[in-house]
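*Asks:* Attaching a single structure in structure tokens format; questions to follow.
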Amino acid sequence: MAKTFKFIFYFWGAFVLVFALDQWVKSLTLAGLRWQSEYLDLTYALNTGVAFSMLSFLEHNLKYLHLALIVVLFIYLFWQKTLLKTHSIAFGMMLGAGVSNLLDRFIHGGVVDMFFWHKWFNFAIFNVADVMINISVALILIQEIFKKRKKDDRMD
């Protein structure tokens, strides 16, 4: 595969995998799958806000803000290709998760959440997309830290 297209393949591969996994788990949740354990429960909640239900006062208008942010990020990444080439998998994961949550907003009126961590403390209910967004941000930060360290080592 040509080097110039490899990053696009990685981006869309990560995008599709994260989107499909998140929607599959959400479909199981909507079909009634429930599970309880000492640490984590699989339940159902419809989040009309963003993280920790913030901005829920925007109600149905939040989906348009969400859509605008995703479109702006897509345009920026494909216009400024260096960032996309460097972090293609992470941005694919992030945008696949974001589009999956956006689809929920248009279809269900909010984001379908299902995981409830309750060992030691009660954490907000979250979904696969939320986890993937956090992992993608961590990947970008780790790559940037190591890139900076390599650059600093070369300067010594």
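Cβ atoms are placed via backbone N, Cα and C, with glycine included.
The feature active site is assigned by Swiss-Prot to Asp113, Asp130, with sequence analysis given as support. The feature transmembrane segment is assigned by Swiss-Prot to 5-25, 64-84, 89-109, 122-142.
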*Asks:* Applying a 10 Å Cβ distance cut-off over all chains shown, what neighbour count does Asp113 (active site) have?
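*Replies:* Other Cβ atoms found within 10 Å: 23.
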*Asks:* Where does Asp113 (active site) sit by DSSP, helix, strand or coil?
*Replies:* strand
*Asks:* Determine the Cβ neighbour count for Asp130 (active site): the number of other Cβ atoms within 10 Å of its Cβ.
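*Replies:* By my count, 20.
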*Asks:* Whole-number Å only: compute the distance from the Cα of Asp113 (active site) to the Cα of Asp130 (active site).
*Replies:* 9
